[in-house]
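Visitor: Below you will find the structure I want to go over with you.
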Amino acid sequence: SSDHCGPLQRLKVKQQWAKAYGVGHERVELGIALWKSMFAQDNDARDLFKRVHGEDVHSPAFEAHMARVFNGLDRVISSLTDEPVLNAQLEHLRQQHIKLGITGHMFNLMRTGLAYVLPAQLGRCFDKEAWAACWDEVIYPGIKHD
């Protein structure tokens, strides 16, 4: 593990995620904002989500998809301070993304999207450096496969 995404940064990311992730309807709103931001960066990315009705981010199928993705992200972020659990979560997600053909490009869209929507939820307490470090050094390398 790296100094940049060290124990303090991991704790900050965990706490900030817990606050932003919130409960119920807030999660749906956060999800919609995130995917809108991703599709605004690259409208062709929508095509990857045909199976879950990506053309309508308010559809029940897409809401269920967002909940699954957030669930996975929540498990990864929650285990940032527990290396063996973290590595198992990342490997599980890596395998899933290989099966779905999700590329590094999509992870970059999500990284940029999170950096856009999380400050809207968290205001000044959003720690951009900690999030960037933990995404770039831990989360992304653990999931990417291309």
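Note that Cβ sites are derived from N, Cα and C of the backbone, with glycine treated the same way.
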Visitor: Of the cysteines CYS125, CYS134, which is paired with CYS5 in the disulfide recorded by Swiss-Prot?
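Guide: Here Swiss-Prot pairs CYS5 with CYS134 via a disulfide bond.
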Visitor: When secondary structure is assigned with DSSP, how many helix, strand and coil residues does the domain 'Globin' (4-146) contain?
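Guide: Helix (H, G, I), strand (E, B), coil: 118 helix, 0 strand, 25 coil.
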Visitor: Determine the most Cβ-crowded residue among the disulfide-bonded residues CYS5, CYS134, using a 10 Å radius around each Cβ and all protein chains in the structure.
Guide: CYS134
